[in-house]
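Per Swiss-Prot, these features apply:
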{"type": "BINDING", "residues": "Thr47, Cys48, Gly49, Arg50, Ser98, Glu103, Thr104, Asp105, Gln109", "note": "substrate binding site"}
{"type": "ACT_SITE", "residues": "Cys48", "note": "active site, nucleophile"}
{"type": "SITE", "residues": "His88", "note": "site 'Important for activity'"}
{"type": "BINDING", "residues": "Gly177, Ala178, Gly179, Ala180, Val181, Gly182", "note": "NADP(+) binding site"}
Amino acid sequence: MDLLSPLSAIVLTYREVDTDTLGKIGEEMRKCLEQMGRGTPIYVLHTCGRVEAYLYGASPEEVQTVAETYRKYVNSVRIIAGVEAARHLFRVAAGLDSMLIGETDVLGQLEEAFDRQVRAGYTRGLLKTIVERAVRVGKRVRTETAISRGPRGLGSLSIIYVSRLLDMRQAKVAVLGAGAVGAGLAMELAARGVKKLYILNRTLEKAKEVAAKTGGEARPLTKEEVERCLRECDVVFSSVHSMEYIIDKIPEGASVKVVVDLGVPQTVASGLPVKVVRIEDLREIAEQYNAERASEIAKAEAIVEEELAILPKLLARRYIEETVSTFIETAMLAAEEEGARAGCNTATLAARTTVKRILLPLVERLKKMAEDGQIEEAVKLAQMLSQTIGRKI
């Protein structure tokens with residue numbers, strides 16, 4: 001039984017469309033998540049460079065329904081399945097599919113989305129195991145190779161870009177947004193010794209957390225505070241997610257000289273009387289660092305393939321755990337019923353103990369079979385046991 005075959009991925013990246021289109025599709029996918037609820041397990045990754053949806057056990061019709069969400073804005077999307085879908089996710093986590101090869105921001109964004117969607121009940125079961133493993137792959141690649149040495153992501157590249165325009169040590173800087181990208185920006189700006197640092201976020205507590213780590217000042221992300229930052233600061237970085245412009249005008253007499261827009265879709269209006277830096281402006285710098293990191297790509301790809309080879313065994317073990325937990329629960333209920341019939345707590349305890357003694361060694365044996373490569377046999381036996389005891393998974 002191939003436990004990767006039920007995995008599907010709908011993929012669209014910065015290579016195919018502009019960041020504004022990605023932002024609009026990302027918002028549509030947020031609504032799609034809510035509509036799907038807790039039906040088919042799903043995981044959506046939306047960053048400044050991609051919108052990807054991973055489904056497990058979805059019917060062809062469900063996959064096409066999700067793909068149609070993309071097709072509202074683009075003519076075609078890439079749909080991949082099975083081991084190729086897992087390979088793609090692992091490569092994304094490793095930073096191998098990014099504009100800046102080896103970037104670390106994407107791993108933080110992947111983890112943020114994963115934690116949020118697991119809590120909401122969207123990402124679960126074997127899909128949860130696959131995404132968890134992708135996170136591990138991303139961390140392992142960055143630990144065992146030098147692919148992430150230097151700029152950590154597009155935020156880092158934007159700081160390099162701006163530092164070529166003015167002296168950052170003499171600059172007052174504001175960061176709008178305290179998520180993975182915004183927090184990374186703040187940490188790096190603090191390390192560069194900017195004159196003054198402000199962190200704005202819709203949730204003020206989150207801004208305070210980042211400010212405490214960077215020596216910055218936390219402010220709420222409101223229209224008034226954004227305007228205040230434009231008046232006081234030399235540079236403003238926007239890393240927030242918004243379907244409306246966060247900055248649509250520059251107040252008269254403002255000090256701001258450069259505005260950096262890392263939002264998807266764009267959060268800074270065009271035609272402003274200051275220098276506006278967008279994601280597309282960072283490609284040339286990214287290519288320079290990609291050339292430096294090229295020698296590490298093969299090492300990272302080897303780790304991805306090594307982890308892919310392990311994945312089927314991990315999924316089999318997890319599948320067996322989920323399956324047997326259900327039939328053990330059924331057996332325990334039967335034991336309690338027999339104990340209740342006997343009218344004795346001791347009899348109930350004895351029955352439960354007997355169930356454990358009989359079934360737990362079987363469970364461990366099935367797990368060992370999966371680890372030894374007898375995946376199909378172990379899965380079939382687990383299914384047979386489940387069906388025999390009366391609960392089919």
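From the backbone N, Cα and C atoms, a Cβ is placed for every residue, glycine too.
Cα to Cα, Gly177 (NADP(+) binding site) and Thr47 (substrate binding site) are separated by 14 Å. A 10 Å radius around the C-alpha of Gln109 (substrate binding site) takes in these recorded positions out of His88, Ala178, Ala180, Val181, Gly182, in sequence order: Ala180, Val181. Cβ neighbour counts within 10 Å, taken over all protein chains shown, single out Gly177 as the most crowded of the binding-site residues Gly49, Gly177, Gly179, Gly182. Calculated from their C-alpha atoms, the gap between His88 (site 'Important for activity') and Gly182 (NADP(+) binding site) amounts to 26 Å. For the pair Ala178 (NADP(+) binding site) and Thr47 (substrate binding site), the C-alpha distance works out to 15 angstrom. According to its DSSP assignment, Ala180 (NADP(+) binding site) is helical. Thr47 (substrate binding site) falls within a strand segment according to DSSP. A Cα-Cα distance of 14 Å separates Ser98 (substrate binding site) from Val181 (NADP(+) binding site). Residue density at Val181 (NADP(+) binding site): 28 other Cβ atoms are found within 10 A of its Cβ, drawing on all protein chains shown. Taking the Cα atom of each, Gly49 (substrate binding site) and Val181 (NADP(+) binding site) are about 13 angstrom apart.
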